[in-house]
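Asks: Submitted below is the structure of interest, expressed as structure tokens.
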Amino acid sequence: MWMNFLLRTYAWLVLLDNNGLINKLLEAVGIGGVQFLYNSGAVVLGMVYNFLPFMVLPIYSVLIKMNGSYIEAAKDLGATPRQVFSKVIFPLSLPGVVSGITMVFVPAITTFAISRLLGGSQFMLYGDLIENNFIYVNDWHFGSALSIILMVLVLISMAVMRKFEGKDDEIRLW
């Protein structure tokens, strides 16, 4: 997470290449080479790998502050492990889940480097569309309109996050 996401993406580029480490291992085992790069799976892998910490850390920070006596009380009252999770742990972790969704949504919707490097310009994400309109098409008006739509989407997601944020909770983002 503290390493530049471009370096992490380039690392996947080296690993998933036709002459990369993973294909070399597959050839050594006798499976043969597989085309890992320039498909939707590579883009999804790169995005999950780059953005997973932004989802895990808010959830972890909420769960670490959770009072363990709630779980003990639920078990003492006869709750199954599934009920403990669905009735106690998950509702108490929702602020972290919502915060994580917002923290992942914003960079995931604006990224264009991951799809360009791992997808080989075959996949058009919203960030790619904005970049193409500014740099290649030279249509600054449409690129600006797309950017404003993106800003509105981000503001709406922040408003939704604020809506889920409790007034008197001690586990809050802000």
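The backbone N, Cα and C atoms fix where each Cβ goes, and this holds for glycine too.
All annotation found in TrEMBL is predicted automatically rather than curated by experts.
For reference, TrEMBL lists these features for the protein:
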DOMAIN    1-161  domain 'ABC transmembrane type-1'
TRANSMEM  38-63  transmembrane segment
TRANSMEM  84-114  transmembrane segment
TRANSMEM  140-161  transmembrane segment
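Burial and contacts for the listed features, if you can.
Replies: Within the same chain, residues 1, 5, 8-9, 12, 16, 89, 92-93, 95-97, 99-101, 103-104, 107-108, 111, 114-115, 117-120, 122-123, 171, 173 sit at least 6 positions outside the transmembrane segment (38-63) and bring their C-beta atoms closer than 8 Å to a C-beta of that stretch.
With a threshold of 8 Å between CB atoms, the same-chain residues lying at least 6 positions outside the transmembrane segment (140-161) that come near it are 98-99, 101-102, 105-106, 109-110, 126, 129-130, 133-134, 173.
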